[in-house]
Every structure is written in C-alpha cells, then in structure tokens.
C-alpha cells in the first residue's frame with residue numbers, strides 16, 4: 001500500500017497588500033499538490049499559540065514581531081524561519097544595503113560590477129557644489145530616503161538637477177550618482193538557488209545639453225501599473241521598447257546573486273542592475289529588496305513551490321553553506337547599521353551635521 005504523502009505546514013505572516021499579491025490561488029493549489037499547506041498567521045494573535053509550522057515565511061517588522069519569532073524558534077527548534085529579522089534589517093538602510101556589494105569577490109572576466117557613488121545628507125541646505133564634487137558626484141543626482149523599509153515613504157525618490165532641487169528635500173537622504181543606462185533596468189529575482197532576470201523600463205538618459213533646461217527636480221516611481229499577465233507577455237516588452245536591450249550574462253548575475261545570498265544570509269530578495277553606458281560591460285547594482293513582488297516574475301508559482309520543497313527537505317544547499325556575515329567598515333560616508341554586531345564598532349557617520357527629523361522622506 002502506498003504511503004500517504006507527508007504534509008508540511010508553511011505559515012506566512014505578511015502585510016495585507018503583500019498577502020494579496022503573493023498568496024494567489026494558483027500558488028496555494030500547486031503547493032498543496034506537493035504536500036505543502038500555506039497557512040495564514042494571524043498577526044493579532046501570539047505566534048507561539050499558532051501552528052506548529054515547519055517553516056515561517058514573513059515580512060513583518062517591529063520589536064514585538066522579532067521577539068515573537070525568537071520565542072517561537074526557541075520552542076520549535078526544527079522550524080525554519082525565512083529569513084532572520086537581523087539579516088533583513090541590513091536592507092533597510094540604503095548605504096549598508098549596497099555596502100555588501102563592495103565586499104563581494106567574483107571573477108569578472110565577462111563583465112565588471114560595482115555600485116554608484118553615493119553619500120548621506122543630513123542638512124540639504126549645507127550641500128554645496130564643492131561638497132558634491134569632493135564626493136565624486138555631480139548633477140543630476142538621485143535623492144532617496146535613507147530608510148528603505150518598503151513603506152510608501154521609502155519609495156519617494158527624486159531626480160535632482162541643481163541646488164534648487166536639493167533645498168526641497170527633507171533629510172536624512174541619500175544622494176546617489178545618476179548613471180545613463182539606456183532607460184533599461186534589469187531586475188534580478190533570487191529564490192534560494194534560483195535566479196531570474198527580467199527587463200523593465202527605467203528613467204531616460206540625461207544629456208548635458210538638456211540638463212540646464214530641466215526643472216529643479218523630477219519625481220519618479222517604479223513602472224508597476226501593468227498587471228502580472230501583461231508583464232509576462234511578449235507584447236509588454238514590445239510596448240516598452242525593450243527588445244534591443246541585451247540581458248547581462250546569466251552566469252555573471254548568478255555569481256552576484258550567490259555572493260549576495262551568502263553575505264546577507266537571505267534567501268528571498270531581488271536586486272536592480274543597470275548597464276553603465278560609459279563602459280558597456282560594466283554593471284551597477286543600485287538597489288536590493290527583501291521579499292519583492294514575486295507574482296510579477298514569470299512562473300513564480302513553480303519557483304516558490306520548488307523552493308519550499310527544497311528547504312523543507314533540506315535540499316537547498318544555501319541553508320547549510322551560509323556562514324556568519326563579516327560586516328566591514330565603509331570607507332565612505334555611512335550611518336549606523338544594525339547588520340553589524342556591537343563588537344564590530346559603529347560605522348562612520350557623514351561629516352555633515354546630523355539633525356533630528358520626524359520623518360526621513362522627501363517633500
């Protein structure tokens with residue numbers, strides 16, 4: 001007589017918007033066929049009173065949630081927590097987020113990679129052209145909130161063309177070098193060992209000729225107003241004129257993804273890459289996001305179901321091979337970072353005066 005299929009329980013604790021986009025019926029049914037039951041965790045009830053779960057999948061924040069996860073893990077030592085809050089928090093700071101990229105050691109025979117120049121600003125009124133020049137920056141620059149916690153505020157970004165634009169910003173902010181990249185961004189999704197790269201439309205290039213005729217700043221947001229089926233269709237790419245954009249070598253992106261995964265100890269994330277127009281085979285990592293919108297990724301149901309199966313059966317090599325992270329000090333301006341232990345010392349702070357601000361957003 002054939003033995004019944006062993007069943008696993010994967011509890012998910014997600015904000016309503018994330019839950020609505022990720023927990024699709026197609027994913028639930030496919031996982032169920034593999035013996036994996038996706039079970040909603042009630043955030044209004046103690047986690048310790050729910051389950052038991054073989055795995056806890058989460059994207060909630062706060063000290064209380066961290067404490068609940070810690071208590072649950074101590075009483076359920078065999079349950080997998082994906083991923084640890086401490087590892088996730090490193091991505092909440094736009095400086096420490098990209099610092100990890102500079103620590104990677106990857107064979108770059110086919111291409112090279114890095115990050116844009118950037119600095120942290122605590123008083124926009126004190127920023128001068130000389131200061132920007134000393135930091136290796138010049139207009140235009142991208143202004144981003146320092147905090148990248150997935151909130152609406154953290155996605156408010158501006159392309160700043162002159163000093164007048166800087167005066168409209170509310171620090172603390174990150175000023176990041178704007179690099180012409182052919183108006184195409186490459187979004188690299190990572191799900192355990194799986195790596196998938198897709199093309200998306202990005203900001204247009206800015207030339208010296210039109211720089212002086214532009215307004216002081218320009219707001220922008222992600223291109224995300226098309227539904228999943230449209231984004232997976234060839235017509236979408238033709239509509240966005242992305243056919244001519246050549247994808248970076250997959251093996252090259254996989255090496256970066258593997259390096260990031262080991263350094264961050266994360267299993268579910270994506271990173272955004274642009275091709276530097278000044279050097280054709282050089283790529284810049286400009287952003288890293290934890291637990292991104294996987295439903296926008298082609299065939300996401302199979303990819304995530306395979307991932308759940310692998311981790312639950314300990315087939316995911318990454319879980320065993322992850323080593324303790326090594327947080328090095330940033331040689332440029334950097335703010336405090338929860339990703340490093342206290343014994344590593346505080347990361348250096350921007351020389352510009354720090355001021356108390358209620359909300360680190362752009363106005």
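Positions of Cβ are set from backbone N, Cα and C atoms, glycine also.
In TrEMBL this protein carries:
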- 18, 59, 155, 187, 289, 293: 1D-myo-inositol 1,3,4-trisphosphate binding site (BINDING)
- 94, 144, 176-187, 202: ATP binding site (BINDING)
- 272, 287: Mg(2+) 1 binding site (BINDING)
- 287, 289: Mg(2+) 2 binding site (BINDING)
- 10-88: domain 'Inositol-tetrakisphosphate 1-kinase N-terminal' (DOMAIN)
- 112-310: domain 'Inositol 1,3,4-trisphosphate 5/6-kinase ATP-grasp' (DOMAIN)
Tally of DSSP helical, extended and coil residues in the domain 'Inositol-tetrakisphosphate 1-kinase N-terminal' (10-88): 36 helix, 18 strand, 25 coil
Cα-Cα distance maximum in Å, computed over every pair in 18, 59, 155, 187, 289, 293 that the record assigns to 1D-myo-inositol 1,3,4-trisphosphate: 20
CB contacts for residue 94 (ATP binding site) [other CB atoms within 10 A, all chains]: 24
Overall pLDDT of the domain 'Inositol-tetrakisphosphate 1-kinase N-terminal' (10-88), taken as the mean: 96
Pairwise Cα distance for residue 155 (1D-myo-inositol 1,3,4-trisphosphate binding site)/residue 287 (Mg(2+) 1 binding site) [Å, integer]: 11
Entries of 94, 176, 178, 180, 202, 272 which, being binding-site residues, have CA atoms within 10 angstroms of residue 187 (1D-myo-inositol 1,3,4-trisphosphate binding site): 272
Rounded Cα-Cα span from residue 202 (ATP binding site) to residue 287 (Mg(2+) 1 binding site), Å: 13
Residue from 18, 59, 272, 289, 293 whose C-alpha is spatially nearest that of residue 184 (ATP binding site), among the binding-site residues: 272
Inter-residue Cα distance where the pair is residue 94 (ATP binding site) and residue 59 (1D-myo-inositol 1,3,4-trisphosphate binding site), in Å: 18
Proximal residue to residue 18 (1D-myo-inositol 1,3,4-trisphosphate binding site) among binding-site residues 180, 182, 186, 202, 272 (C-alpha distance): 272
